[in-house]
Amino acid sequence: MINIVLFGPPGAGKGTQAENLKEKYDLKHISTGDMFRHHIQNQTELGKLAKSYMDKGELVPDEVTIKMLKAKVEEHLDSKGFIFDGFPRTKAQAESLSELMQSKGSQIDAMIALEVPDEVLVERLLERGKTSGRKDDSNEEVIRNRIKVYYEETEVLKEFYKKEDKYYGVNGVGSISEITDRISKVIDSL
Ligand code: AMP
């Protein structure tokens, strides 16, 4: 198995890159944001709960997020590996993910972090908000809060993976295919 955490602030291009990489390497793409949006669309209880956080640009509580993620991994254990997109976002999530992979006789092989300046992120998200139908992309205040939450709660995870010698930073500015090539170089070197 090859398991990648695709990391970076909101708007860094994780989802776009994950779509390319899952085809190229035949990996299962798991996006917790997409899973929550699916629940919201289906008006489930979890969807209602998640929406109350997502609309403000806050994180959904760890307990529910971790439980949902674990169930998804269990469903796809026959895959060649995973691309985790938008998970982990907190230390508790990173620890649970390590334990989960370990319990499956596997591990996270790399955290690949897309590096993009803040002002480019805001621009990209506002642009995406015009067509994505995502409420959290169309309000600049919510966008700035998501970026703030990333720096306050999520960015520390770089240290978590650096300690394990699994951290790889990649320039996230350029064309989609250029960035896919940069990430591929890292994956091919693992
Ligand atoms: P994303 O699609 O990754 O930008 O996520 C959209 C929103 O979903 C985030 O702003 C959070 O409110 C929520 N979310 C997604 N993944 C997580 C996670 N791992 N932990 C907590 N909240 C999350």
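Note: Cβ is positioned from N, Cα and C throughout, glycine not excepted.
Residues or ranges marked as ATP binding site by TrEMBL: G11, A12, G13, K14, G15, T16, R128, G174. Contacts of K14 (ATP binding site) defined by a Cβ separation under 8 A and a same-chain sequence distance of 6+ are given as L6, F7, G8, S31, D85, G86, L114, in order along the sequence. Mapped onto three states, the DSSP output places K14 (ATP binding site) in helix.
Every protein chain considered, the tally of other Cβ atoms within 10 Å of the Cβ of R89 (AMP binding site) stands at 21. Under the DSSP three-state reduction, R89 (AMP binding site) is assigned to coil, being neither helix nor strand. The AMP binding site feature in TrEMBL is assigned to T32, R37, E58, L59, V60, G86, F87, P88, R89, Q93, R134, R146.
Residues or ranges marked as region 'NMP' in TrEMBL: 31-60. Sequence-distant contacts of the region 'NMP' (31-60) (same chain, six or more residues past either end, CB-CB distance under 8 Å): 14-15, 18, 68-69, 72, 85-87, 89-90, 134-136, 142-146, 149, 153.
Cβ neighbour count for G15 (ATP binding site): 16 (other Cβ atoms within 10 Å of its Cβ, all protein chains included). Look at the binding-site residues G11, G174 and count other Cβ atoms within 10 Å of each Cβ; G174 has the fewest.
Cβ crowding, taken as the number of other Cβ atoms within 10 Å, peaks at R128 among the binding-site residues R128, R134. E58 (AMP binding site) is 15 Å away from G11 (ATP binding site) when you measure Cα to Cα. Across the residues the record lists as binding AMP (T32, R37, E58, L59, V60, G86, F87, P88, R89, Q93, R134, R146), the two Cα atoms farthest apart are 24 Å from each other. In this structure, T32, R89 are the binding-site residues from T32, R89, R128 whose C-beta falls under 6 Å of some atom of ligand 1.
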